[in-house]
Amino acid sequence: MSFLNVAPELLSAAASDVAGIGSVLTEANAAAAIPTTSVLAAGADEISVAISAMFGLHGQAYQVLSAQAASFHAQFMQLLSGNAGAYASAEAANAQAAALDFVNSPIQALTGRPLIGNGANAPAGSGLNGSPGGWLFGDGGAGGSGASGPTGQQGGNGGAAGLFGNGGAGGSGGSASAGSGAVGGAGGAGGLLFGNGGAGGAGGSGTNGGGGGNGGIGGNGGTLFGTGGVGGTGGSGAASAGAGGNGGAGGFFGGGGGTGGSGGTSTNGPGGAGGNGGTGGTLFGDGGTGGVGGTGQLQGGVGGAGGNGGLISGDGGAGGAGGAGQMPFALLSTTGGNGGHGGTGGLFGNGGAGGVGGAGYTALANSSATGGNGGTGGDAGALFGTGGVGGTGGAGFNGNGEGNGGNGGNGGKGGAIGDGGAGGAGGGAGPNGVTGGNGGNGGNAVLIGNGGNAGNVGKSGAGAPGNPGSAGILLGQPGNLGSF
């Protein structure tokens with residue numbers, strides 16, 4: 001094996017010397033340019049003129065070669081200087097790594113965890129947990145994915161961070177060939193002082209008639225500050241689909257809740273439910289959005305609920321949309337999933353909007369198709385805030401253009417000072433449908449504020465509009481009536 005020893009300071013000195021040589025040559029070439037390229041003829045005869053022109057051509061050719069040499073010289077100097085900098089950086093990095101190893105080694109030996117540094121990722125297919133990050137600084141390692149087999153292996157959990165750092169992502173669950181897919185690993189927690197939670201791992205799929213595994217939950221944000229991790233997506237399956245994982249909670253002083261994972265898709269059964277959004281920071285922070293329900297053959301998955309806002313300030317998270325119910329070629333009824341409910345706001349915060357209901361659809365004329373109901377809007381904070389809007393009902397449609405629309409969700413209640421949320425509109429029936437969804441009721445105001453407007457009836461059907469919300473006791477107007 002060959003070795004090369006390099007002294008970066010000597011390379012830098014050589015590059016400086018080469019640059020000095022280039023400057024001297026450039027000045028000399030510039031001084032010689034006019035006398036050598038514009039040679040005066042010794043006389044007016046033809047021979048003198050020809051000799052003068054010949055020497056001038058030689059001078060011009062020299063200047064061309066000199067310019068090419070100067071370009072090569074500049075490239076050589078840049079290469080020499082750049083290599084000196086690269087070797088110097090590598091030398092500094094090696095010294096830093098050696099110093100870090102000197103500090104980490106005894107702590108690693110005593111606690112099994114370094115002082116500074118990221119945790120190691122677990123190998124794929126192992127289902128092992130990711131290693132924690134360093135005690136002071138470091139992200140947690142990602143969990144290993146679960147192995148596939150007759151029964152899938154659960155994904156490993158993500159490693160926790162140190163004082164500062166993000167939690168590791170959970171590993172995905174293994175697929176199952178003779179049963180249900182495995183659960184995804186949970187995301188690691190963020191740092192004790194600051195850091196975001198890791199994302200939950202996706203659930204494994206059930207490939208031969210089994211169900212999908214649930215997604216892993218998102219890791220909580222840092223103990224003091226940090227955003228919660230996103231929940232893992234539910235696995236797909238034939239008999240049923242896995243639910244999405246719940247989002248992680250925010251930190252104590254501040255941080256939003258994580259978004260809930262989406263529900264999985266099922267080819268013969270109900271879709272997976274969406275995961276709930278994580279709660280916002282204990283004192284300050286918005287709640288996470290609920291996950292979307294998965295598509296199913298008989299019934300769509302329910303949307304996840306939005307997370308609540310922080311106690312002092314924070315808006316509630318929006319509810320997730322319900323999944324679609326699709327039954328293209330079977331004489332069975334199909335229903336869209338209901339939308340998730342919106343989260344509640346903090347003392348100062350708005351309620352989250354309700355999720356939209358999922359659509360119900362079948363291609364056969366004699367089959368029933370009904371849209372899912374919209375989610376209820378979340379209530380506003382106790383002191384100040386607007387109630388969340390109710391979710392729109394899902395549409396219903398079959399091969400004859402018939403179907404029933406889902407009902408709209410009710411609007412959330414306003415704060416002591418704040419308007420009530422509007423009710424959601426009912427879902428539309430098909431062009432030849434019998435019943436459109438009922439409109440949702442508007443949310444009520446409390447002391448000062450207007451009531452929420454009532455939701456309208458879904459199109460192509462004989463539903464009923466919702467009731468408008470009442471005005472505040474001290475000041476305000478009631479909501480408007482819904483229309484047919």
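Every residue gets a Cβ built from N, Cα and C, even glycine.
Across the residues of the domain 'PE' (4-94), the predicted structure has a mean pLDDT of 65. The feature domain 'PE' is assigned by TrEMBL to 4-94.
A Cβ distance under 8 Å defines the sequence-distant neighbours of the region 'Disordered' (139-160), meaning residues of its chain 6+ beyond its ends; these are 118-133, 166-189, 195, 198-199, 201-202, 204, 213, 216, 219. Taken from TrEMBL, the feature region 'Disordered' covers 139-160 (among others).
Sequence annotations record features per position, and here TrEMBL assigns region 'Disordered' to 261-296 (among others).
Away from its own ends, the region 'Disordered' (459-484) comes close to residues 387, 404-405, 407-408, 410-411, 414, 419-423, 425-426, 428-453 of its chain (Cβ-Cβ under 8 Å, at least six residues beyond either end). Positions annotated as region 'Disordered' by TrEMBL: 459-484 (among others).
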